[in-house]
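So the structure is just underneath, and the comments pick up after that.
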Amino acid sequence: MPHFLAKLDFKPLKYPLIEGDFCFHKEFLSLKNPTKSCVYASFKDRIFLLQKIRRANDFLIKSEKTTPLKREILKQALRIYSQSFEVISHNLQENSKHASGKKALDLGTFEDFIQKNQAPILAEIGFGSGRHLIELAKNNPTKTCLGIEIHTPSIAQALKQIELLDLKNLHILQGDGRLILESMPNYKCEKIFVHFPVPWNEKKHRRVLSEKFLNEALRVLKPRGFLELRTDDGLYFEDSLKLALKNFQCEIEIKKNAQIPVISKYEARWNKLKKDIYDLRIYSLELNETPFYNHAFDFSFDTITMSEKSVGTILKTKKIIQEGYFVHVCNIYENKGDFLVELSMGDFDWPVRLFVLLTENQIFYLNKSPLKTLNNHKAHLLLQNILSQKGIG
């Protein structure tokens, strides 16, 4: 991660610091940990935060992951900010020409991307090495291919291949496929692939394919579209088949040890060991009449006034856990009556770290709201109550 180390003895900074398209507006001091602060900054119209941590012999200044910038822009921001310090060391050199310039989709703009997309969508959830996903995009140039993955190295590998092969129809999104599917409107996908997911036979609640996931998939699929599960785990296959058969009306296609054009490294290993591989296709037969409410979820805040007393109470509030979701106020930073609230919140399956800015006139999430799912919206309403001091036990 781009960062620099600076000596402790330096003159207090006079904000704002402005150079070119960068502005370092002000510094918020942690009310929980006196050695930490957040620098509130912007590049053009994009807000971002820098973490400033006082250690025994130096300051560590780095980016705050919840407000990401493109790597080279972030390095430039840190180089500019470092001019106000006596730098001990840094890793802010110009980027290697071999690094990939292709970026994953941002969860904050995913809703807009989906709404604007007009081509049929082929989605793969948990694409691993990316072999199947890459071939899917190469063989379907007129369709939008979407790869959803939580594993960062897999994402980096796929992005390099996309750039190398110039696959303009392939997009990558980092996140939990279960929640992303829930946030998508009806009839957006033509096909959904789930190949070799972790079986979680001892913790079945952690599986990708559950009754809720299947219902969401059938809602999102176009008529005659299908969800394809490919697995080497017999129990996972049997449980998934039982889930499919619970539907009043369904069409199912089953194959065992079918030969397919693209074989992943994982599958090649099992083929050598003569291990059985199961395919289960579940077709969407008709228009799903389940209404899609997620687009109506409102993540704005009512007016909230913060005082020293309320801030102290909020900081002492323990993590509040409800069925399927939670809210935890991790820290509060302050600057002349303005507050930055650091949060961990949302759905248990894919919690998010966010910052909320509270000033005299406004309150909002920095850069992005939580993904529009039911549990995230419930967490947002709970957060509203916490910040306004309603219903805190």
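Cβ atoms here come from the backbone N, Cα and C positions, even for glycine.
Here Swiss-Prot has Glu124, Asp176 binding S-adenosyl-L-methionine, and the candidate from Glu149, Glu163, Glu190, Glu202 in that same listed site is Glu149. In this structure the C-alpha atoms belonging to Asp232 (substrate binding site) and Glu124 (S-adenosyl-L-methionine binding site) are separated by 17 Å.
Spread of the S-adenosyl-L-methionine binding residues is 12 Å (greatest Cα-Cα distance among Glu124, Glu149, Asp176).
Neighbouring residues of the recorded S-adenosyl-L-methionine site, listed in sequence order and excluding Glu124, Glu149, Asp176, comprise Ile125, Gly126, Phe127, Gly147, Ile148, Ile150, Leu173, Gln174, Gly175, Gly177, Ile180 (Cβ within 8 Å of the Cβ centroid). Cβ neighbours within 10 Å of Asp232 (substrate binding site), excluding its own Cβ and spanning all shown chains: 18.
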